[in-house]
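*Asks:* Just passing along the structure, written as structure tokens.
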Amino acid sequence: MKGSGDQGSEPTSSSVAGTDCCGGLGNIDFRQADFCVMTWFLGYVDPLDPGFVAALLTIAFNPLYWNVVARWEHKTRKLSRAFGSPYLACYSLSITILLLNFLRSHCFTQAMLNQPRMESLDTPVAHCLGLMLLGVGVVLVLSSFFALGFTGTFLGDYFGILKEARVIVFPFSVLDNPMYWGSTANYLGWVVGHPQDLLTAASPRCCRPFTAEIYRQKASGALKRS
């Protein structure tokens, strides 16, 4: 009869199965894997094309840049102090945002022109759908700009340039981040319809929760003062 110490010295089949129930990756036969989806994807996208890489980098970098800078400014107010005015600091940030967005649009356009074209999109229906998406995108971007104003569009609330209340009129009454969705619709419309036009230089805003918090803090401060 074995003691309790002897029982723990021999691994059971259940403990082995719990550690490696499928025998590990060594038992997988990669020769039987179906790569048809990847083959189809690479038939229409050249991920090694420098223009494609540049487009991806600018699309990822731009919103990261202005959100990081704006939140840093909201926390430290260093840009406002450096420029001597929150308005000058906001205008300076807006110039860099516009330049980066034009660069992004240029890289996106060049990447689109250099990539293989899908024959299924070369139809009148696709062209009409692309134009419709562009129309929706332009409406969302322009209506957002007019609702927010220049400083509101370019993150002025992070610089302490606040409106009386958070904007909730159209298109903010029907969508969160309408500039973001409008710019996305512009890009998608350009891809689907492929018109020879550039309508994607607008600045998307994807920071509504943080903006809402700024106005909540403003309202709380006003209540405390009263």
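Cβ coordinates are placed from backbone N, Cα and C, and glycine is handled just like the others.
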*Asks:* Could you confirm whether, in TrEMBL, the topological domain containing F172 has the same name as the one containing K78, so that both are on the same side of the membrane?
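*Replies:* In TrEMBL, K78 shares its side of the membrane with F172.
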*Asks:* Would you count the other C-beta atoms found within 10 angstroms of the C-beta of V136 (S-adenosyl-L-methionine binding site) for me?
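*Replies:* Within a 10 Å radius of the Cβ of V136 (S-adenosyl-L-methionine binding site) lie 16 other Cβ atoms.
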*Asks:* Going by DSSP assignments with H, G and I as helix and E and B as strand, what are the residue counts for the topological domain 'Lumenal' (152-194)?
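*Replies:* Counts, helix then strand then coil: 22 helix, 0 strand, 21 coil.
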*Asks:* Grab the pLDDT values for the topological domain 'Lumenal' (1-49) and give me their mean, rounded.
*Replies:* 56
*Asks:* Taking the Cβ of G135 (S-adenosyl-L-methionine binding site) as centre, how many other Cβ atoms lie within 10 Å?
*Replies:* 14
*Asks:* Ten-angstrom check, please: count other Cβ atoms within 10 Å of the Cβ of G137 (S-adenosyl-L-methionine binding site), all chains counted.
*Replies:* 25
*Asks:* Could you break down the residues of the topological domain 'Cytoplasmic' (104-130) into DSSP helix, strand and coil, giving a count for each?
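*Replies:* For the topological domain 'Cytoplasmic' (104-130), the helix, strand and coil counts are 21 helix, 0 strand, 6 coil.
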